[in-house]
Amino acid sequence: MGFLLLWFCVLFLLVSRLRAVSFPEDDEPLNTVDYHYSRQYPVFRGRPSGNESQHRLDFQLMLKIRDTLYIAGRDQVYTVNLNEIPQTEVIPSKKLTWRSRQQDRENCAMKGKHKDECHNFIKVFVPRNDEMVFVCGTNAFNPMCRYYRLRTLEYDGEEISGLARCPFDARQTNVALFADGKLYSATVADFLASDAVIYRSMGDGSALRTIKYDSKWIKEPHFLHAIEYGNYVYFFFREIAVEHNNLGKAVYSRVARICKNDMGGSQRVLEKHWTSFLKARLNCSVPGDSFFYFDVLQSITDIIQINGIPTVVGVFTTQLNSIPGSAVCAFSMDDIEKVFKGRFKEQKTPDSVWTAVPEDKVPKPRPGCCAKHGLAEAYKTSIDFPDDTLAFIKSHPLMDSAVPPIADEPWFTKTRVRYRLTAIEVDRSAGPYQNYTVIFVGSEAGVVLKVLAKTSPFSLNDSVLLEEIEAYNPAKCSAESEEDRKVVSLQLDKDHHALYVAFSSCVVRIPLSRCERYGSCKKSCIASRDPYCGWLSQGVCERVTLGMLPGGYEQDTEYGNTAHLGDCHESLPPSTTPDYKIFGGPTSDMEVSSSSVTTVASSPEITSKVIDTWRPKLTSSRKFVVQDDPNTSDFTDTISGIPKGVRWEVQSGESNQMVHMNVLITCVFAAFVLGAFIAGVAVYCYRDMFVRKNRKIHKDAESAQSCTDSSGSFAKLNGLFDSPVKEYQQNIDSPKLYSNLLTSRKELPPNTDTKSMAVDHRGQPPELAALPTPESTPVLHQKTLQAMKSHSEKAHSHGASRKEHPQFFPSSPPPHSPLSHGHIPSAIVLPNATHDYNTSFSNSNAHKAEKKLQSMDHPLTKSSSKREHRRSVDSRNTLNDLLKHLNDPNSNPKAILGEIHMAHQTLMLDPVGPMAEVPPKVPNREASLYSPPSTLPRNSPTKRVDVPTTPGVPMTSLERQRGYHKNSSQRHSISAVPKNLNSPNGVLLSRQPSMNRGGYMPTPTGAKVDYIQGTPVSVHLQPSLSRQSSYTSNGTLPRTGLKRTPSLKPDVPPKPSFVPQTTSVRPLNKYTY
């Protein structure tokens, strides 16, 4: 139980962590209001309907003062009485007209501006008090300001220059407000918009401004809002981030602060400039290992109280050259104040990075403080500040830390759409208890989003997208460009339950809720989660207001639980509701049964509109969105069971059941444990099978290894000795391993004469002469044996020829043998079976011949074949080591001759008798390279041919490289004196790699000709000739003396070469052949 509880805790922490670091997904709206429904909302265009001759509105700003809405545009200011509820069109009650003079327009045209720009666009409309309002306009690029009476909009007073109070161009942004009788404005102060300024004018005292052309203070700003709070005035804007100039041009959102009692600096420092100007970054980002920032501030609200905390809420977007993305972030004023009390940021050199300033380097009083308040309480005015403080604030206006959002994350994000959010308005007291916060956000596409905000970090629910409203009306508003669809501003009229959405050419009034759409469908009303709507006891869904009794309505804003409610099939909406048509269709994951909805296939109009405007909603229920369309009012009568003005939901019986969170977590845990168990069993079974397979493979490898001979005991049939032959040095000491083969079980003395070991008392060669040696035993690869079946007939003919022409057994020397009792060669030559053929010795012949010989040498029974095979392998390996010991010049011949009988028994050798009729089972390797001459007798035994110590030809490069010592005991290879053994014209041939070798090479120039038995032999004087094999040789292959090429194999003494029996040849030395 404790483990299960611990597991649940860990799972909860992991889920919380994932929710914190994962990028939020876009929510689908619970309700959608498209153009067909929103087109009924009243629109303000600045001119009466049908009068298209008047100019467009060119909306600039909108301000609500008490029960009047002021709309400023080009050359005019309109007033709208909010107490009058419009039906189809918003009619202004009053209008202020202020046009530019003719001279100003002509001057504007002379400056190169278009005539449409040379008008008076009202950019400033700020109340001075309850009676007067301060109005400024661009006045054809010559800004001017006036005072007007607020109630009558009559001109009062004289014109004032609008320089540094109003921009020159209507496309430039600006903000302004009165605080303590002084006008605080932020705009550009020149025609080219290069001098951005935050300016204070009017009232007592001198005018103050920011430092001109100082990028550390302001760099290409875009001012959005100004508010008064406490002893300060705050400006919200975006600008080019000066701290990231080295990394590129990036836009950051800023909040700047100045003291209302700032009087400027002394005559030495910051005279007529702000002494309290500070700015900090607004950080609106998605948390995680790598933050995703929304850096561009688009709009921000006034200070509102959210959960008792003074807060500003803004909408932020990504950079202009980035992917579209928007977020809504809230910042508390306390967090902003905290940042301004933090550390400063500085750049020591123009090329260095920006770093934080240590606290010990900050002068006293602290820069940014207001005189007579806080740390600067001892100073009456800012003029009295020390020069160190003024100099520091002049070069360090930027704070090091950024202002974090509430809960360190956005309230709402929108990233899966192609538009950005541009305007924001907040109702902080929504619902009958005024305890909900609803955010209205405008976008570039003319869509207004209605969001139920998550205002507490401990809230269990995230922000919910309640509605998506298409507020733009292309039929009544200008549609000249995509910019006309952009929402410029939003104004909330909570008293009259309305929201004014401003576009460049019109203003649309939309209600805050559409409770009448749900009609008498309780399930749709509750599922909407709209804090403005509730289900009344009268059986209708209507707007709930403050003061209604709790028992008089029902709503579920937190969860929208409708599991206990049935489907909607009841009555029709009130008669005051306009006609509707079907919009959309069932969601993508459900299908509407024919019994639930009756469709009319003969109505192409409804089909086209459904396809064009349908937006899928990924929910588990089937939903329809209904909206107004006067042209199809008769069509809705043909659809049975669909009430007008009702968002009708048809759900299956299974979807009404909800699963409790504990049950869901338990199921997930059980599934995880079961999956882990199954995975463990699968891994165990797989591992067991894999281990068994490896053991079987290992066992097969060992058995295959035991069936093979030593490295020098088989012939390579597929390549005819591709690699150079191993050669062994004569003076290698014999190991002590062979002492057990002797009768006396003692090692031979090192000075024992080995020559006497080779001859018995009858003068015959030793019986060991018939045994194969490592030098004369080729390597047989068994993998190529099956590929040589094509030569089986040759193998049979080869066996028959050997029966007809038996060979001499080496135990009795031939008549012309030069051997004597006192002399025996140090290497013993075996008869070569390949001399019996006139054709080339193929691989298959060798293989089958050896199989036949093996069957003759080992006539064992089937029952003991495996045991005898292993013993045979061990005997051959031991024999190889013994023969190495026999070749040792320091061996004792008497001890070896005395142990011949025991060696025969130990090595499991066959009697010598059968071998007199059958040749040795292993052919001579050197002799197999040649085809014997046709003139030689078949039965002639092979002879030992010794090479003299001093060769008759120059030493080869291989011999020079190996550095052999010249002594009488050294034996040279026959390849030192090449002899033609098979070529009819006596030419020395070099065997080169060839895929189709069938000819002879001509005699090379510069060759020395010798004669062996009357046949001219070409002796090549070059260092060496290569010997290669052929895979496709046909017919009789020429055999010739060979020369070895240098190789990378270890240095070993050369082995003797063997040739068929010939007549005696006397070279330059004393040896007899």
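Cβ atoms are placed via backbone N, Cα and C, with glycine included.
Residue-level annotations in Swiss-Prot identify, among N461, N832, N461 as N-linked glycosylation site.
When N51, N967 are compared in Swiss-Prot, the N-linked glycosylation site annotation sits on N51. For C145, the disulfide partner recorded in Swiss-Prot among C118, C136 is C136. Checking the candidates S603, S723 against Swiss-Prot, the annotation phosphoserine falls on S723. Proximity of N283 (N-linked glycosylation site) to non-local residues of its own chain (separation of 6 or more, Cβ distance below 8 Å) is seen for Y293, A402, V403, P404, P405, given in sequence order. Taken residue by residue with DSSP, N283 (N-linked glycosylation site) is part of neither helix nor strand, so it is coil. When averaged over the domain 'PSI' (514-569), pLDDT in the model lands at 88. Long-range C-beta contacts of N435 (N-linked glycosylation site), restricted to its own chain and to partners at least six residues apart, with a cutoff below 8 Å, comprise S429. Look at N435 (N-linked glycosylation site): DSSP puts it in coil.
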